[in-house]
Amino acid sequence: MSDTDLPSLVKKKDHLGVLRYIRTHKLREPDLVIEHGKALLGPELTKNKPTSNPVLSIILPISSALDESEWLAALEQLCLASIDVHDDELASTCLSRIKTAVSPDSARVRWLLGRCLESSGDLAGADEVYEGLLKDNPANGMALKRKYAILRSQPGKELETREALNKYLELNSGDAAGWAELGDLCHDMGDYRAATYAYEEVVLASPLNSAAHCKLGELYATVGGRSNLKLARKHLAQSLELDPRNMRALFALVAAAGAYLDECSKAGKSKREAEEDDVEVAKELVKFGAEKLIKAYQGKGRMAKLIEIVMKDQTGSL
């Protein structure tokens, strides 16, 4: 185990190292941040110590041997961790301390204020702060994200929520997580075609993400139609290639290939003949998936029997 991994830093009580590691690796560990942040900055964050800089002499905490930038980074980290665990008092204390070192009019301080207002339940106040930030800079991605989050938390505002997320993605088109969020939102609203578009963007950004291919395949299968069902099985097969243990993708592949065969059986003779090769591929995929699922559930009691019955029903007419 490396001396610079998180467990080693925690064991050594390297408070500054722990905070740096969590920031660098973008981890969400609020309890660790609070524990080591308090230990680093001092249990009484309101006390001060003298320093050679007359401005900073009223700012830096007793226990700190940090330079100003490191101290501010630790305070902000502690503030956000406090918001995560709903410790509004500690978050407010951290924000007050930051304001003594940084102009309250700075974009970062105003954004932290908005986060604190959100945490305390003042959504209108937080939204006003973010609107002010966007007035100053319409491309402020952090403010756009928080406006979306506020709307997402309120029932009955699905259209406004979608509009807010679209505004964010117009300026941050490479954010795969944002596209996934839009895909899930469109799915919840029943707009499956828009959801497939969003997840296509996710797959473009993360082509080796098995779960993303699986979700996209399921969405294409939900939209339906022969062309979409072929796309569904393509992405579900890719999901399984990336993660052969993905049972969800395996079930979905059998279902999508079976649905494609049903669609083809209803089509006219000329269309069936045109898709003859794809029909054979679909049949083989159903057989393949059924065999894998039966094998995967062997020895699992009643579930094994149920899977066997369902899969035999799927392959019985092939």
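Glycine too: its Cβ is placed from the backbone N, Cα and C atoms.
Nobody curates TrEMBL annotations by hand; they come from automatic prediction.
Pulled from TrEMBL:
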{"type": "DOMAIN", "residues": "116-217", "note": "domain 'EMC2 TPR-like'"}
{"type": "REPEAT", "residues": "176-209", "note": "repeat 'TPR'"}
Secondary structure composition of the repeat 'TPR' (176-209) [DSSP: H/G/I, E/B, coil] | 28 helix, 0 strand, 6 coil
Please indicate, using numbers and ranges, the residues of the same chain that are 6 or more beyond the repeat 'TPR' (176-209) and have a C-beta under 8 Å from a C-beta there.
-> 152, 158, 161-162, 165-166, 168-169, 215-216, 219-220, 222-223, 228, 235, 242
Structural state census, the domain 'EMC2 TPR-like' (116-217) (DSSP three-state) | 80 helix, 0 strand, 22 coil
